[in-house]
Amino acid sequence: TLVLLGSCSLLCQRGGTAIVYASDDLKTGTKVALKVMNTRDGVMTMPIRQVKREVEIASSMKHPNIVQLIDVFAEGTQLVIVWELVTGPDLLDLLNACNGRMTEKQAAHYFRQIHLGVTFLHDNGLCHRDLKPENCMVDAKTDTLKIIDFGLSKHLESAVTLGVGTPDYMAPEMLGYGGRGQGKVQPHAMGSSKLYDARAVDVWAMGVMLYLMVAGVYPFEDPNNPDNVACTLQNVRDGRIRPLPADVSHQCADLIVRMLHKKIAKRLTLEQTLLHPWIKMNVAALETSRSKGKAKSEMRELVRKASDQKRKRTASSNSHPARRTSSAILEGLDAELMKTQSSRGSKSTRSKSSKSSTGFNKLMNSLKLF
C-alpha cells in the first residue's frame, strides 16, 4: 500500500500535465517517485484497468538501464504513476555541465546505456516513443543511466504534449511522411489511419540525442531561429540536417546520418547500430579506461558537477537551450500557425482556450506534412 503523505517533497516544477513528487512506499520502506497527471488535460485512450494490466507486465521487467515501474492508480481525475526514485541529473543536465557539448567518449558512455535500455524494451514488446534527454536520468551514486516514462505515452494523448512526443525528436513518419518499416506497426499517434513502426521512431530519437550530445544543438532546428517549431518540423520532413561541427569524427557523423535517414527501410536498426564501427571503437576504449579506473572517476565527477548545478540552477538564460517546456512548444506552435495563416492571406480564429492538438493538426496541414 502506497500512501502519499502531506510531507512529500516536490521533485520538479509543474510541467505539462504532470507534477512529480518524492514519497515513501510504506509497504516496502523504499523511496519512490510519483508522477501525478491530470486526465482532464488529455484523453484517456484505454480504461484504467487495461492500463494497469499493461503496467503490471511492464513492472515485472527489470533492467539496470530502465527505471522500475511499480504501480499506477486513478484518483478522481488524476492518474498516478509510481516509479523507482532516481536521485541525480538527467542527460540534459549533464550537457549543461559539459558547457553544452560532450566529448565523443562521454557521449558513447551514455549512448551505449540508452541503447541497452531501448533494446531491452523492444525485446519485450514495448517501445518508448518519447525518448529525449529529459527522460534519461543518471543515478548520482553509480553513474547508471535509467530511461524513464516508457510504455504509457500511448494511453494518454495530451494536448499539452501533442500526443506524439516532443517536436525536436519526431521522426518524419510521425508527421505523415511515407516509408515502409519492418515488423509490427503501431497506429499513428495523431489518430489518423497512417501507421508507423514505433521501433524505428525510437532509433530516430536516439540519433537526435546523439547529435545533440556531440554538437550541442538540434539536428533539424533553424540556426537563425532555433525556436521556430514549424521550421524544425519542415526540416525533419525534408531530411535537412544541420552540418555537424568540424571536430566530430567521420565515424560518429556516419552513425548519426544513418540513424536519421528519413526512409525507414534505410534507417539503421538497433542491431545494426550496435555493429557500427563508432560504437565498437568507443566501447572498447571505455572498457580499457575502466580497467584503469580512469573512466569511472571522470564520469562520476561529471555527474557530481551536473547534480550540483541542477540544485543551484534557476530559470535563467544560461541553461542549455535544448530544454523546451511544453508551454514553450505550444506558444511556438500558436505563433507559427498564425504566421503561416497570415502569409497565406487567411485570418486565424483560434483562441487560446481551443485545444492545442487542433492547432497542431492545422499547422501540419498548412505545412503539407500530412
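Backbone N, Cα and C atoms are what each Cβ position is placed from, and that goes for glycine too.
All protein chains shown were included, and the count of other CB atoms within 10 Å of the CB of Asp130 (active site, proton acceptor) stands at 23. Among the features that TrEMBL reports, active site, proton acceptor is placed at Asp130.
As annotated by TrEMBL, compositional bias 'Basic and acidic residues' applies to 295-309.
What TrEMBL lists as SUMO2 cross-link is Lys132. DSSP classifies Lys132 (SUMO2 cross-link) as coil under the three-state reduction. Around Lys132 (SUMO2 cross-link), a 10 Å sphere centred on its CB holds 22 further CB atoms from the protein chains shown.
The domain 'Protein kinase' (6-279) scores a mean pLDDT of 80 in the predicted structure. Feature annotation from TrEMBL assigns domain 'Protein kinase' to 6-279.
The signal peptide feature in TrEMBL is assigned to 1-18.
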